[in-house]
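Remarks on the structure that follows.
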C-alpha cells in the first residue's frame with residue numbers, strides 16, 4: 001500500500017472531513033470535528049435584547065444553549081420553521097451553539113490540494129470566516145471557518161469588550 | 001526509578017493549610033491559665049504533620065521552622081514550660097511565617113528567608129530560656145547565648161523583629177486574649193517575658209527537673225502566683241490546680257477518621273446531575289398525569305415515591321456542599337485580636353450561630369467582605385477605651401458576629417456597640433460627592449450611601465481602613481453571590497450590618513410567573529407580595545406608570561416590555577404586580593399571571609452564551625423548556641433610568 005493510500009485509509013492530516021449543508025441556494029461545509037449533533041428545530045425561549053438572528057436558547061440535556069439562524073444572519077433562504085428545519089449543534093471552544101440551516105447534505109472528504117482559496121466576494125459570508133472553496137460533483141462548496149464565525153463579534157455570541165452586532 | 005512526588009504537593013499544601021488553620025484556632029482558644037492538654041496535643045500533632053510532610057518533599061525551610069516550633073510545643077504539652085500569652089504570641093507569629101513560607105513553596109516564589117530565620121531565633125530563645133535542658137543542637141547554640149547573659153542584645157533583636165510595637169499594644173494584646181497578668185507585663189517586655197531582671201536566673205544547662213520550678217525564669221518570685229508549685233509535679237498533674245470543665249474532644253482526629261477528601265468538582269458535577277434528575281422527575285410526573293385508569297394510579301404511586309427519593313438525594317447532595325459558617329468565622333478572633341491591639345482598643349468578639357451551614361462556594365466568597373466589615377466595625381465603630389468610658393459605656397467594646405438561617409436565606413450579622421454611623425457626616429460627604437441627597441431622607445437610605453463608590457468618611461486613611469477595598473466593593477461582592485446588605489445604626493449605641501444570602505447558589509426558591517408565552521422565575525428572596533392593582537392604585541408620573549401602595553409610590557416595570565416578549569399584558573389592572581425588593585430599591589413588576597412557586601436549579605447562561613441584562617440565569621422547567629430567572633438588582637438598574645428612585649411624598 002502506498003503512503004498516500006495509507007493516509008487516505010486512516011484519514012490523517014492531509015485529509016479533512018467536512019459536513020456540508022445548504023443555506024438558500026448555496027452549499028456550505030464546516031469542519032466535522034466541531035459538530036456535536038444534528039437535531040430538529042424545537043421551540044426556543046427568547047432572550048431579551050438579542051438580535052433577531054439569535055432565536056433564543058434551548059435545553060440541550062441540561063445545558064442552556066443559544067440557537068442562531070444563519071439564514072437570518074446572512075439574508076439567505078427563507079427563515080421558516082417546521083419539522084424539517086435542521087439545527088446543527090456545534091462544540092466550539094467548549095461552548096455549544098446551535099445553528100439553523102436549510103438542510104444537511106453530506107459528509108465530504110477533502111485533501112489540502114482540493115481546497116481552493118476563497119473568493120473576495122460573491123458569497124454571503126465575509127471571506128475572513130472562510131477556509132476556502134471546493135468543487136465537489138460540479139457543485140461549488142464554500143468551506144466555512146466555523147470557529148472564527150462563532151467567536152466573532154459579528155454574531156455576538158461570546159462576551160467581548162464591546163460586542164457590536166450589525167443587526168439594525 | 002524515582003517516584004515523582006510533586007504530584008502529592010497539592011495535597012500537602014492543602015493539608016498544611018488546614019493544619020495551620022487548626023493550630024491558629026486552637027491557639028486562639030487556648031486558655032493560658034489552664035491550658036487544655038488535648039488542645040496542646042492537637043497543636044503539637046498539627047505541627048508534627050507539617051514537619052513530616054515538608055521533610056518528605058524537601059521543603060527544608062518549612063521543616064526547620066516547624067521542627068523548632070515542635071520542640072517548644074513538645075515542652076509545652078509535657079508541661080516542661082508554662083504556656084504564657086507571650087508564648088502563644090510567638091506561636092501565632094510563627095504561624096504567619098509558616099503560612100508565608102508555605103505560600104512561597106506553593107507558588108514557587110522566593111522564600112521569606114529573613115522572617116524564617118528570625119522566627120527560628122525567637123523560638124530557639126524561647127526554648128532555651130523556657131527549658132532547663134537543651135533539646136536539640138539548635139537550641140544549644142541559642143542557650144549558649146543566654147548563658148553568656150546577652151539579654152540586652154537579645155531583647156534588642158527581638159524588638160527589631162517588630163513583634164511588639166510598644167508597651168501599650170502589648171498590654172492590649174495580652175488582656176485581649178483574656179489573660180490578666182497585669183503589672184507583670186511591663187517587666188516581662190523588657191526581658192521579652194522570659195527573663196528575670198536578675199542576670200543570675202538564666203538556667204544552667206545542667207539544670208535538672210527539680211530545679212525547674214525555681215529556674216524557669218519566667219517571673220520574679222514575688223509575682224509568681226501558682227506556676228512554680230504546679231510545675232514541680234510536671235507530667236503527673238495539669239499545670240494548674242484550677243480545673244476547668246473538660247473541653248470538647250480532639251476534633252481534628254475525629255474529623256480525619258470520619259471524612260474523606262473529595263474534589264469539589266466531583267461534588268459539583270453530582271449537584272448538576274441531581275439537578276437533571278429533578279427536571280426529569282418533574283417531566284415524568286407531567287406525563288404521569290396523562291395516564292388514566294388503574295395503570296395511571298400505579299404510575300402515580302411510583303412517581304410519588306420517585307419524587308420523595310429525588311428530594312432526599314437532592315438534599316443530601318446539597319448538604320455535601322454545605323459547611324458550617326465557622327469556617328469563615330474562625331479567622332476573626334485573630335483579626336480582632338491583632339487589630340484591636342494595633343488600634344489600642346479593647347474589643348470582645350462574640351460569635352453566634354457558627355454552626356449554621358452555608359454553601360461552600362459562598363464561604364470562600366464571604367471572607368473578604370466580612371473581613372472588611374469587621375475591620376470597619378473595630379476601626380470606625382468601636383471607640384477608644386477613654387472615649388467609651390467618657391460616654392458611660394463599658395471600656396471594652398463588643399463585636400458580635402452572628403449567623404442564622406431564616407427560611408431559604410442565611411442572615412449574617414456584624415453588630416458592634418460602638419459609635420454608630422454619623423448621619424450628618426454621611427450626608428455631607430454625599431453632598432460633596434455630588435450624590436442626590438436630601439436632608440430628610442430616611443435613615444435606611446442614608447446608610448446605603450456608604451456603599452457608593454469613593455465613599456469614605458474616615459478622616460484619614462490608615463492601613464486598616466485604607467486597604468483599597470471600599471464599601472462599594474463589599475456590596476458588589478455580596479451582590480455577586482446573590483445577597484444583599486442592610487444596615488441598622490443608632491448614634492452612640494452602635495451599628496449592625498446584616499448580610500442576607502441565599503442558602504445555596506445552585507438552587508433558588510422561585511415564583512414562576514407567565515408573560516405572554518414565556519415563563520419567568522423571580523427569586524422568592526426578592527418578592528415582597530403580589531396582587532392585582534386597582535385603577536386607583538395606578539398613577540401616571542410624567543410618562544411613567546407608578547403604583548401607590550403601602551403609603552408610597554413604587555416604580556412599575558413591565559416585564560413584557562423589558563424582556564421583549566410578545567403578547568404580554570400591558571394594562572396593570574389586567575395583570576398581576578409583583579412587588580420586589582432588591583438591595584438598590586423597591587419596585588413592582590407587571591406580569592400576566594402567577595404560575596406557582598417551586599425550587600429551580602440555576603443554570604448559567606454565560607456558559608454557552610453571554611450575560612443578559614436583567615437575567616440572573618436560566619432554568620429548565622418540568623416540561624423541558626427553558627425559563628429565565630429574573631435578576632432583581634439588574635432589573636432595578638434598568639428601571640433606574642425611568643425614575644431615579646422611589647418618589648416620596
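Cβ from N, Cα, C; glycine included.
Residues annotated as compositional bias 'Low complexity' in TrEMBL: B:132-144.
The domain 'HPt' annotation in TrEMBL covers B:1-105.
Taken residue by residue, the domain 'CheW-like' (B:507-641) breaks down under DSSP into 20 helix, 70 strand, 45 coil. The domain 'CheW-like' annotation in TrEMBL covers B:507-641.
Residues or ranges marked as phosphohistidine in TrEMBL: B:48. All chains included, 17 other C-beta atoms sit within 10 angstroms of the C-beta of residue B:48 (phosphohistidine).
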Secondary structure content, the domain 'HPt' (B:1-105) (per DSSP, counts of residues): 84 helix, 0 strand, 21 coil
Per-region confidence, the domain 'CheW-like' (B:507-641) (mean pLDDT, whole number): 84
